[in-house]
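**Student:** Mind having a look at this structure? Questions to follow.
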Ligand SMILES: Cc1ncc(COP(=O)(O)O)c(C=O)c1O
């Protein structure tokens, strides 16, 4: 059995996280329930930062908050000294409400609205990561209207796609994100920004994919970007001060996954950037990265109560839990795989193979296929590991199921950081039907 972070089994045979008995948590807070191992988040955050410090490289590690955003999460990230990547007005609002230092906020997104741009400019955020020509013009105009200057990175697509274990070099990058490097779009963007009065180009950003287990893709991306820098230096007199190589560092969801230590990614990235800038005889840019999943993914565990069971002889045993695609849409969305155990009977022999079904009205609402488990009943609690990234943040109210609460646990302490949604919350935006008003 593989335990993440502080997870362990206690003398009662229960799963314990952060020194807290998860069975007691399920009793006290109900299920489904997300539990985060705070010590593991801190360990990961410090791992990234320390590697840059040891290498004596100026860097920013920005938490990609799409993985899990909440006020408490942003406060934890702030305490750890990381920066923050937000992608929408909602994530930005949460960050501002959490009191996150604005200068360390980076605003991403391929279709920021004028309202979102104004909100970020008025807040004085650190930088925008600009995705396209429409946004460039909109940003410069909005800055002029508000008489505010701002810094940006431009997101480029380097023509490398990471497919978890291997990489394809694509001639014409087919992605909704960023300025294409091959076709000269990025060059055009730089030329345009050089004519701007309010928007300054701090550097370049690229993100090649997610759940990546090797350093090769990052090295290839850095090489391609720096090849371009050579041209920009000669032809446009432009040298980036910042090089942001995105996130995507892989984690262990199941035994099939074999992640490398986070330090290895950082060391390889720094080494290739250093050697390329030495060749060009230019100053080493600040290196930024944006991990999401690798900071919070394996720190999260979801606890469910087991309910109904359906056995089809010689075909399959379905065991249903009190959540599903409403709290974890990843298996339905992209066949993501997870491991799970009975939190209240960790040491019991796994004597059957079952498939874990959610409670949503959708055949595709399956959380895990073919999971070895002890024979379970409705007294049991299922703990699904590694649900910390893109779990709560993608949770939804399908079938009007309230979203579960979130707990932070550390050193035996429990902190309720997101409350359970209620049925009242579910209908709070609904309005009763009025008389039909005919449009004139
Ligand atoms: C631009 C960008 N940065 C960072 C991330 C974080 O990726 P991960 O959670 O895999 O580290 C993403 C994920 O979609 C992204 O699109």
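Backbone N, Cα and C atoms are what each Cβ position is placed from, and that goes for glycine too.
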**Student:** Looking at TrEMBL, which one out of 248, 323, 324, 358 binds pyridoxal 5'-phosphate in the same site as 290, 291, 292, 293, 390?
**Tutor:** 248
**Student:** Among 66, 330, 334, 362, these being the recorded positions, pick the one whose CA is nearest to that of residue 291 (pyridoxal 5'-phosphate binding site).
**Tutor:** 66
**Student:** Where the distance is taken from Cα to Cα, which of the recorded positions 66, 248, 290, 293, 390 turns out closest to residue 362 (substrate binding site)?
**Tutor:** 390
**Student:** Among the binding-site residues listed here, 290, 362, which has the most company in the form of other Cβ atoms within 10 Å of its Cβ?
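**Tutor:** Selected residue: 290.
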**Student:** Across the domain 'Orn/DAP/Arg decarboxylase 2 C-terminal' (34-388), what does the mean pLDDT come to, as a whole number?
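**Tutor:** Mean model confidence (pLDDT) across the domain 'Orn/DAP/Arg decarboxylase 2 C-terminal' (34-388) is 95.
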**Student:** Express in Å, rounded to the nearest integer, the largest CA to CA distance found among the pyridoxal 5'-phosphate-binding residues 248, 290, 291, 292, 293, 390 named in the record.
**Tutor:** 15
